[in-house]
Amino acid sequence: MPNSQAKKGLFQFYPHNLIWLGLSVLAIVLDQWTKWIASTHLNYADPVPVLPFLNWTLLHNYGAAFSFLSDAGGWQRYFFTSLAGLVSILFVFWLLRMPKKMVVLPVAIALILGGALGNLIDRITLGYVVDFIHVYYQNHHFPAFNIADSAITLGTILLLIDTFFLEKQRPKNSDA
């Protein structure tokens, strides 16, 4: 029997995949809610100790992940906004067309999508990304991050697991 997914048009999707978009929305809501709490209850760059290795520290990130390119001339805001928007559109199409039997890959894509959109909302509305989770050990500090960054990181780890360990086990013609 031919692969039913191959017969789908570009804009057709499997309705069961709406649950993965729900996971993306959950990541966005959790990210934006925690950023709002951090922005309204923390003073900028003033660490609040939580655990011996964790502070809440409100920071504004004008660059990419972990403040990469934050001191560039301002072009990075438009570049990362455009990149996140384009990748998000592609991920939505990819996500909606996943076969039903796949789980790890759509969870990975949904988390990356939710994280990218969470940070995109900040870039568009604020001109920077709100970071507030500050992890450290003694004098070794990891760059501040947020829930969106965590979703992207977890999604990327799951994507790598799927690519290197699970993809080989999938049947070639996975029907929806």
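Cβ coordinates are placed from backbone N, Cα and C, and glycine is handled just like the others.
Positions annotated as active site by Swiss-Prot: ASP131, ASP149. Marked as transmembrane segment by Swiss-Prot: 10-30, 48-68, 78-98, 102-122, 141-161.
Distance noted between the C-alpha atoms of ASP131 (active site) and ASP149 (active site) is 9 Å. The secondary structure of ASP149 (active site), as reduced to three states from DSSP, is helical.
Of all the active-site residues listed here (ASP131, ASP149), the one with the fewest other CB atoms within 10 A of its own CB is ASP149.
Looking at 78-98, 102-122, 141-161, the range that has the most CB pairs within less than 8 A of the transmembrane segment (10-30) turns out to be 102-122.
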